[in-house]
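A.B. asks: Take a look at this one; I'll ask things after.
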Amino acid sequence: MCHKMMNKFQQRLHHTTSTPLFKTCVYFSNWSVYQKKHFPQDIPIEYYTHIFYAFILIDEQTGKLKFSDEWCDLQMPQPSPNQSITGNLQQFYEMKKKNRHLKLIMSIGGWGTCHLFESVVSNDTKFDNFVNSTIEFAEKYGFDGVDIDWEYPKNSTQAAKLVELLARLRNKLNSKYIITVAAPGGSDNIEILKIQEMDKYLTFWNLMCYDFAGEGWSSKTAFHSNLFGNNGDNSLNASDVVQTYINKGVHPTKLILGMPMYGRIFHGVDRPEIGIPFTKERKSGCIEADVVDYNKFGDTFDYEDFDPRKVGALKYDSHSKQLITFDNLQCARIKASFIQSRQLGGGMWWDSAGDVSVTNDGCLVKNFVDQLGGVEVLEKSANNLHGC
């Protein structure tokens, strides 16, 4: 089935008149510099076109932007050989100077910050402060654009305010600046958004096609980032998410398919199977968390499988009774072919700390880019050098 699927994609590609250029985007979480010891210089930037810096926060009292961690953002000495550089943003700026196609986008908000956006859009003064400080941040700290990560507007009034927010940013920001959103995959959240109105002001959409299922809210084991079909717990899949946005008027080239560089763990699972109940019991030797980076799975799992129909992978540890679902290299390659066949804009990952080295055969971004046709088919428009 996997080979048939790949052949189908390739047949559709054969009829395209020109080779499109693709975006490869990845979120960099600023807290990764601590426990994970993951720094900007560790990102294989030859495989990425856009880096999304997560997260910039909003001051609830004023509506102005603020750093979530000023120490690591601006002051923390970088590792060798870049000890003379202080702060992640300065390091990224130096990387941009040497790699003029690399773009850095500030991602504002993130999970658990919806109340901050609600506070901003409900007060005219805060709204003005937000827009003006966003422009100041972009110009001062060397960003190429703004990513709004409002998870999520709760009703049509807030959805209209999000449109207004995007419109005001687009009006004030120089046209060279990129504006994006982290867009939901769940149908309830999608239906609230005013997609066509938002699309007028957006450069592209980052579709969060992951976390379709998880131990904290699912009743059965499931793939959490499957491309097709029922994932085991519900009917969510990435292909349907993409089609929903297309049906609502977004051009495919503006859609960026989001993928995980982490797995979701289900504890208390009797056997390596999707769609079965689990107890959440954490046995000795298990991974305590319900999320783990792709590069931290370890070698305790004694069973691995890949579903070519749904495009999802799993590992299972029969001793600790834990099952993990994730994207493996086959998923990365099939999703790359899917993006080509559907003429989408590219791929996105959360987050950069999760992948294995590009020297490892299982490197997700390298497999993805190689399947697209190599780094030669990646977008190469120039970045902005200002600030910092």
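Numbering starts at 1 and runs along the chain as displayed.
Heads up, the Cβ atoms here are built off N, Cα and C, so glycines get one too.
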A.B. asks: Per Swiss-Prot, which of Tyr34, Tyr152, Tyr303 sits in the chitin site along with Asn82, Gln83, Gly109, Gly110, Trp111, Gly112, Met208, Cys209, Tyr210, Asp211, Trp350?
C.D. replies: Tyr152
A.B. asks: Within a 10 Å radius of its Cβ, which of these glycosylation sites (Asn82, Asn132, Asn155) has the fewest neighbouring Cβ atoms?
C.D. replies: Asn155
A.B. asks: Tell me whether Asn132 (N-linked glycosylation site) sits in a helix, a strand or coil according to DSSP.
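C.D. replies: Helix, per DSSP.
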A.B. asks: Taking the Cα atoms as reference points, how far is Asn30 (N-linked glycosylation site) from Gly109 (chitin binding site) in Å?
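C.D. replies: Spelling it out, the Cα of Asn30 (N-linked glycosylation site) and the Cα of Gly109 (chitin binding site) are 13 Å apart.
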A.B. asks: Compare the Cα of Asn123 (N-linked glycosylation site) against each of the recorded positions Asn82, Gly109, Trp111, Asn237 and report the nearest.
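C.D. replies: Considering only the listed recorded positions, the nearest one is Gly109.
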